[in-house]
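*Asks:* TrEMBL feature annotations, pasted as is:
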{"type": "DOMAIN", "residues": "250-384", "note": "domain 'GGDEF'"}
{"type": "TRANSMEM", "residues": "6-24", "note": "transmembrane segment"}
{"type": "TRANSMEM", "residues": "36-55", "note": "transmembrane segment"}
{"type": "TRANSMEM", "residues": "61-83", "note": "transmembrane segment"}
{"type": "TRANSMEM", "residues": "95-114", "note": "transmembrane segment"}
{"type": "TRANSMEM", "residues": "120-138", "note": "transmembrane segment"}
{"type": "TRANSMEM", "residues": "150-171", "note": "transmembrane segment"}
{"type": "TRANSMEM", "residues": "191-209", "note": "transmembrane segment"}
Amino acid sequence: MTLHEPTLFVLLLLGYAMLGLQLVTASRRLFGGEALRGWGLGNSLMLAGYLFLLVDVVAPQPVWVVASNGLIVLGEFVFVAALQRFVDQAPPPRWLVMGGLACALSMAPLMMLATPTRMAIMSLIAAAPLAWGGWLVVRQWREAERSLRPVGAMLALVAATLLIRCVHAVLQPSAYVDMTQPNPVQTLVAVAAYVALLGAGFGFVLACTERASRSLERLASHDHLTGALNRQAAEPLLAQALRRARRGGGCVAFVLIDLDRFKQVNDRHGHVFGDEVLRRFAQTVRTRLRASDLLVRLGGEEFALVLPDSDAAGARRVLEQLRGDCREMGLHTEAGQACPVSFSAGIALSPQGRVDGEALYRAADGALYAAKRGGRDRAVLAGADETIPA
Ligand SMILES: Nc1nc2c(ncn2[C@@H]2O[C@H](COP(=O)(O)OP(=O)(O)OP(=O)(O)O)[C@@H](O)[C@H]2O)c(=O)[nH]1
């Protein structure tokens, strides 16, 4: 099979144009619109750069070489800036923007060099931003959206082929006497660059969509104010912990926590401060929990803890530590007034997962009520008639 290069080229241009159209349309609506708009700009610059390659028949070579390579390199930098914005969730660093402009402008003075040397240097310049883009993805390999991985791989692939061309131009300058002179490495670079960068664009759109769906998922399962799980999301997780305990023979501790006299906090210092207390409390609890433990906000100032593989002593230990943490939280109002936070708790246990979620909730609720009635700032173990005072 032989490739008809002009046909391939036109198809690729159409591909870039189609992706550009989709990016312009989607970026207005889709989460991560700024990063998508950035990629769309990079896409337009690439498209313009490739169009300049087509005018080699009408324009003198230096003009189209400088214009096309300058636009393509700038497009690459804009891609990587969009990727950096997406990964860091912050505007791209200044050096990346300035570096892109400098590299694009450097194409003109490079024309003074012999073609093989120029090809080697241009390849290096074009590889640099793509290698940086690949590194950005590797840096966030675990945290970032999975769809970003192929994007990083494609950028790294193009960077690698450009480096191969750089080495080839140094080792075999006779293959680069004229820029349009065909050779296998040139073909490899052209195919890899055009196809992989186009593919990276589609991958980037998918990564934005993945982030949007992850954030919707989080909104549906977590409380917006404290970041704790909400009740709906916690119920199946509690059921799962109980099933595991039934199979493995462990004990699940379920704890209901209610901040003491929280109404007074709101009344004295306002709701905004009350919100801050809830946020800081949840933050403090999270630092005490193991990865398998759950923090749930049931509503208002009421929280629940699900502690798999914990008995009464384990739950008590966590609550005592929390009590100490709350004392040290050092919450102060804007006027500098100290606002101590205390809580009451009801503990219920499900040995070997024998007590189901509903019964656990009822038992812990009764114990919490006993803790409040007993004077607050304490925990009560359900069914044990046992109070752990502050
Ligand atoms: N700031 C803030 N306040 C909330 C939120 N949700 C519920 N509240 C308030 O929490 C307070 C709960 O008050 P109560 O149920 O009377 O309980 P309490 O004052 O903590 O008294 P005890 O539980 O008996 O110690 C009410 O004033 C609610 O308005 C919230 O998201 N933010």
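Yeah, the Cβs are placed from backbone N, Cα and C, and that goes for glycine too.
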*Asks:* Determine how many residues of the domain 'GGDEF' (250-384) DSSP places in helix, in strand and in coil.
*Replies:* 60 helix, 35 strand, 40 coil
*Asks:* Where does the mean pLDDT land for the domain 'GGDEF' (250-384)?
*Replies:* 94
*Asks:* Might you confirm whether the transmembrane segment (61-83) is in contact with the transmembrane segment (6-24), defined here as three or more C-beta pairs under 8 A between residues 6 or more apart in sequence?
*Replies:* no
*Asks:* Could you tell me what the rest of the chain brings near the transmembrane segment (61-83), counting residues at least six beyond its ends with Cβ under 8 Å?
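*Replies:* For the transmembrane segment (61-83), the sequence-distant neighbours (Cβ-Cβ under 8 Å, at least 6 residues beyond its ends) are 35-39, 41-46, 48-50, 52-53, 55, 92, 96-97, 99-101, 103-105, 107-108, 111, 122, 125-126, 129-130, 132-133, 136-137, 148, 151, 155, 179, 197, 200-201, 204.
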